[in-house]
Amino acid sequence: MMYSSKMILLTVTLMLALTGVALGDEQHRDSAARAAARAAAGSNRAVTEDAAYWNQLGQQLVLDELGKQRINSQAKNIIFFLGDGMSISTVTAARIYKGQKAGKLGEEEQLYFDRFPYTALSRTYCTDAQVADSACSATAYLCGVKTDTDTIGIDANVEFNNCTTQLDPAFHVDSVMSWAQAANKGTGIVTTTRVTHATPAGTYAHVANRDWEDDYAQSFDGVDSTICDDIAEQLVLSNPGKNFKVILGGGRAYFTPRTMTDIETGAAGRRRDGQDLIGQWVADHPTGKYVTSRDELVNLDVAGTDSVLGLFSPAHMEYFLESSAANNPTLEEMTRTAIQMLQKEANGYVLLVEGGRIDQAHHDGRAKLALEEAFQFDLAIAAALNMTDPADTLIIVTADHSHTMTINGYPDRGNDILGLVGYLATDLKPYTTLSYANGPGSVNGYLGGVRVDLTDVDTTADSFRQPALVPLSSESHGGDDVAIFALGPQAHLFQGVYEQNYIAHVMGYAACIGPGVKFCDMEGGNADEYHNRIPLHTARSKNQNRAENKEDAVFWKGTAQALLQKELDKKPIEAQAKNIIFFLGDGMSIATVTAARIYKGQKAGNTGEEEQLTFDKFPYTALSRTYCTDAQVADSACSATAYLCGVKTDIDTIGLDSNVIYKNCSTQNEKANQVSSIMAWAQAANKGTGIVTTTRVTHATPSGTYAHVANRDWEDDYAQSLDDGVDSTTCDDIAEQLVRNSPGKNFKVIMGGGRAYFTPQEQQDPETGAAGRRLDGVNLVEEWKTKHPKGKYVTSKNELDKVDIATIDELLGLFSPAHMEYFLESSAANNPTLEEMTRIAIQMLQKETNGYVLLVEGGRIDQAHHDGRAKLALEETIQLDLAVAAALELTNTEDTLIIVTADHSHTMTINGYPERGNNLLGLSGDMGNDGKPYTTLSYANGPGFNTTFDENGTRIDLTNVNTTADGYLQPSAVPINSETHGGDDVAIFAIGPQAQLFQGVYEQHYIAHVMAYAACVGDGLKFCDAKTSSSSRTIVVPYALFAKIVMVTIAVIDCHVKDCKIIETETDCKGSGDG
Ligand SMILES: [Zn+2]
Ligand SMILES: [Zn+2]
């Protein structure tokens, strides 16, 4: 995998030599460097991943989705898996880590919960915090009420550290465990942390400070422990803890007095009050069993034991990778025993299983340990799947909050996820794929004025701490949304973007427990009564600063019950999509979505975290896996080919499958290598087509709709001339393909930037007077005008405003010689906004009797990130959101499918622990170990490096710097002229006909197959071919190309009847191997 240092030096020299040359895409890593690296290392892509492979897989995924059946029954049991700090980037990285452990490339691997049928996003902020901790978040997802950070089981009326308010029962909120016990269900908790730690404590405790795990901890805060029960006491002595059938985890010392020595270590207990709470538990549970080792647990007489308390370590259990000496059960083993114990319960059970040390490994800056803990967590989920029946057991997997780890750089496909990216930074030193925004790993980042050279460091060692930008003893949580994965009864209630406290309300509904609306009440046919049950939340509907309008338990219960009602009323639109509007936020990572939401709210004068983007409200959400056939981290070219043509391919290439050779013209012209896009399919069905973008219309994303190129940079013949040996007379550049070839020449609407790419050098730009770029003397704008006698060409907002839509057939708008200006820098330009272009594009296409397909790209979100300018990226995202709102206003969701997604992620994180309403673009409020503040938003790499460190190598003090200025570059840890993309999954948001086909975790190319299915275009499965009867649907597979799919159809559906319970054989069931 690793290149020789000689080769790296060579490629970097080449990279520097080309700096300043007007290459087609100046913002992405240099193609020459990549080509040289490829020659040195060889391609890592699996050779079998050609168009046929991806088409078959895409069609299978559609069938898979169509075969998915809701389980609309009561959940007898709930198993709730909480990956503490399991951010979406952790999920993506753990998936790759799992695959690579098994000797595969890795990116194509699936975690068990990746296969769950329903996926949603969870908004994790707390009532007083932009970035959550595990205490307030546990209160949200377990009790259904958001509250202040560091407090558990109480609402926001409680003051932190205030024992008196903790004792007020009016402020207590009960957890799903209390609700379950009231319904005579068994309950239990399993964790790898202390059982008194924040997450498990969320199931049973009411505390004004999460640290009060025992009376010794309370003594530091001067709390009278005789009045204010500590967490260990509450577990053993109070409801619902004392009734738990299963308690497994660490934390023995918190239950025993100083006078008692630990059974394993001989160390003293921690309690100052002399209580032996373990002895108390044993006395209270005469038919129970207390165990302290793996041997005792696996030999437990489950049938003869009524309840089990297992405390396997004095404090947290050891990290899996450091547990070889300990006689500890694994999380999987604990989960198995817990389920066996609870399966004895006649009325079912609710079980919490926490992978608690994912979080702590991240805090330690040790990504490998975090990924291994996530892997162990996944094994526990597999065990639960095998031991339960999805017909009666709801399994939920989610996280409480994110972390600051990113997957950065452009590592090749199959590159060791724990290794170096493979390309050098501008200081000629390598950098790791995984890194943190802050934390103890800063010692492996920038030290003593220079960046640490990791060339000869084993970054894959268990003990290695991934580099971090800001020095902190403990890496901080992240503020971006986390994912929810669900399977079983009512799992379909997770398919949107939700406030985190909604989760508890769904659990209550599904299992028919708790005070809220219940599935069982609906079955009783008492619909009206059930409607009345839902508290109104109108009084609180306007989000206000918490200080003025407290977000207490009433508020959160009310809003969540209303959200649940909305979810229950949601009806999939089972119709053909006459129109499709596909919105692509280039580089719009999930962190970008979360940040843009807060930015939007703060622009409106609110705290911000509670704001919703237009597409946050879309009914269906999914996750999209963005890697390409030869790249762990995608670019916009290979990803456009995936989501527009339904085929994953090599990085930097467009409209061709992976048989193409990068920069090789003859392989570009080879018809067998070319793949067509949704636009070609739509035109074959006599639909209108169009593209709108803020970038050049020849840039990677828009050209994905019409071009076939072996190098995305070949936007015109001038760009081609920079690559040796490219004959532009035989190898059409992208601008030529748009004007001369199908489907581009048939587009009804083309709007964006890039005029200079269409005009010869002899011609001056109408706006700037600068020369055109083309060497061949061709004026493609004139050619387009000739070809479209009833068309209209415009170059400014003024001209666009004057267009008489009714009288023209086509519209070409090129508003800038290159990319259109950033919105925040466009005041001088006579440019339409993305919203304005979108409105006119839709009006043009609404003239089409057979409907239309329109691509709208917010293309400069990506470029602002590359520039390290987070504010500009967020503003571009808001502009995209306004365009989405315009589309919703102009269309009917009954016949128009609207999809919003991104092509790939970026390396921006929301880090630190800023307070609720803290300016998102400002300082986090916390100090690094160097005594200096740091910004909430930062990048893993990029040009902001220069504003991060001064010439002496010390971190610049930002105290008096206006970090909210348009021109400010957010700090970055690695010096790279253009910040890189990120490798974590991105989100899909959908509304309209067949939007319901987006509700899981998918390979990115699946999107094109769904669009074709929904609009009944293309060669594959179509909604219109499906014969729907009252009870079932038969899929007609029309083309021989998919003969193999016909053969596996029955197996797939059969698999779904069983809901893929036997996961181990699913590969056979699906008939699809790994890549
Ligand atoms: Zn944490
Ligand atoms: Zn980019």
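Each Cβ is built from the backbone N, Cα and C atoms, and glycine gets one as well.
TrEMBL lists D586, D862, H866, D903, H904 as Zn(2+)-binding residues, and of the candidates H788, H819, H981 the one it assigns to that same site is H981.
The Cα of H866 (Zn(2+) binding site) lies closest to that of S636, out of the recorded positions S636, H699, T701, E857. Checked against H904 (Zn(2+) binding site), the recorded positions S636, T701, E857 differ in C-alpha distance, with S636 being the nearest.
The Zn(2+) site is set by D586, D862, H866, D903, H904, H981; from the centre of their CB atoms, other residues of the chain with a CB within 8 Å are G587, D635, S636, I861, H865, A902, S905, H906. Close contacts with ligand 2, defined as a Cβ under 6 Å from any of its atoms, occur at D862 among the binding-site residues H699, T701, E857, D862, D903, H904. Of all the binding-site residues listed (H699, H866, H904, H981), H866 has the fewest other CB atoms within 10 A of its CB. Look at D862 (Zn(2+) binding site): DSSP puts it in a helix.
Distance between Cα atoms for D903 (Zn(2+) binding site) and S636 (active site, phosphoserine intermediate): 6 Å, as a whole number.
A C-beta separation below 8 Å, combined with a sequence spacing of at least six in one chain, links T701 (Mg(2+) binding site) to L584, D586, S636, A640, T693, T695, L855, E857, G859, D903. In the three-state DSSP scheme, H699 (Mg(2+) binding site) falls into the coil class. Between the candidate binding-site residues, D586, D862, D903, the densest Cβ environment within 10 Å is the one around D862.
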